[in-house]
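The structure appears right after this line, and notes come after that.
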Amino acid sequence: MQDLVIRRPDDWHLHLRDGGMLRGVIADTSRHFARAIIMPNLVPPVVTSADAAAYRERILAAIPAGDRFEPLMTLYLTEGTDPGDVEAGFRSGLVKAVKLYPAGATTNSSSGVRDIDKAMPVLERMAEIGLPLCVHGEVTTAEVDIFDREAVFIETVLDPLRRRLPDLRITMEHVTTKDGVDYIREHAANLAGSITTHHLIINRNAILVGGIKPHYYCLPVAKREAHRLALRQAAISGDVRFFLGTDSAPHVDPLKECACGCAGIYTSINTLSCLAHVFEEEGALDRLEAFTSLNGPAWYGLPANEETITLRKQEEPVSYPARIETEAGPVTVFDPMFPLHWAVTQA
């Protein structure tokens, strides 16, 4: 057996949903993670500081007794977002970031931004006060191929925005392409990127080869193998601009296994086992802690966690359920398509 001790990790991009789903999935995160940036794309979305405060209370009420977990709240950017409310939420310590969803880009994004100019007053205020903007980096215009959405977003939205507001701190969330990795590496100032567990493991073949596999469908969609390999190199590099954001996104199985299935992969329960496998495979276990526990806090201006967790490599594969049951219905767990031998033994 082999033990690996790392500081307790954080998740810098997490969907907890609400109600019965929230109560069903929260323990899979709070068991191992200290903090998480909580996505605001509920129905209705978390638009105001009051919305965020109320949602935070619902999350805290759902955390199992004995778990120590802090939800880091975000606001859903709209073309009518009030800069004063955003600043007040930030100054109070409640709001840690604002999320830009291009309208129609992903689950519950219909209230998102269609014209970036209409959101400039709040973006300018965020640049002034140092509040990060988290972006879903895809365009949604019909003429752009779905596999090119990220590259086109960088060229037509992100780069012009950064030139217009160079002091705005931007997290390019769930980077999925070599284009995204290279852009972050080449533009050091006020730019970082989160990487999901599943994009380090699957490429688009996982979705399409041998039949449609809806439980590997997510947005941004998995890309070619060359992009997956670029993501791996970024994750294991130790570069402080790259960190874990699982984008773990639960949907009940009937909404995934249908003619128009939802986008999202549920990875919270086995993310650390998957990541230990990936980093060991790349000969980079010594840099797992940076990716999961150090780089994210540094970017968001928070201290690294003092507590530690222990990952133990064992001969027998770790057993995870194929699905979890929630009050909302069954949720299929991400299958990495290889056995997992790293287990969290102390958290």
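Every residue gets a Cβ built from N, Cα and C, even glycine.
Annotation comment: Swiss-Prot describes Asp247 as active site. Positions annotated as Zn(2+) 1 binding site by Swiss-Prot: His13, His15, Lys99, Asp247. According to Swiss-Prot, the substrate binding site annotation covers His15, Leu16, Arg17, Asn41, His136, Leu219, His251, Ala263, on the basis of sequence analysis. Look at Swiss-Prot and you will find Lys99, His136, His174 tagged as Zn(2+) 2 binding site, backed by sequence analysis. As annotated by Swiss-Prot, N6-carboxylysine applies to Lys99.
Among the binding-site residues His13, His15, Asn41, His136, His174, Ala263, the ones whose Cα sits within 10 Å of the Cα of Asp247 (active site) are His13, His15, His174. In this structure, the binding-site residues under consideration are His13, His15, His174, and the one with the smallest number of other Cβ atoms within 10 Å of its Cβ is His15. For Leu219 (substrate binding site), the count of additional Cβ atoms within 10 Å of its Cβ stands at 20 [all protein chains shown]. For His174 (Zn(2+) 2 binding site), the nearest of the binding-site residues His13, Leu16, Arg17, Lys99, Ala263 in terms of C-alpha separation is His13. Neighbour count (other Cβ atoms within 10 Å of the Cβ, all protein chains): 22 for Asn41 (substrate binding site). For Asp247 (active site), the count of additional Cβ atoms within 10 Å of its Cβ stands at 27 [all protein chains shown]. Within 10 Å of His15 (Zn(2+) 1 binding site), as judged by C-alpha distances, the binding-site residues found are Asn41; the full candidate list was Asn41, His136, Leu219, Ala263.
The Zn(2+) 1 site is set by His13, His15, Lys99, Asp247; from the centre of their CB atoms, other residues of the chain with a CB within 8 Å are Leu14, Ile37, Met39, Asn41, Cys134, Glu173, His174, Gly245, Ala249. Calculated from their C-alpha atoms, the gap between Ala263 (substrate binding site) and His13 (Zn(2+) 1 binding site) amounts to 15 Å. When secondary structure is read from DSSP and collapsed to three states, Leu16 (substrate binding site) falls in the coil class. Separation of the C-alpha atoms of Asn41 (substrate binding site) and His13 (Zn(2+) 1 binding site): 12 Å, rounded to the nearest whole number.
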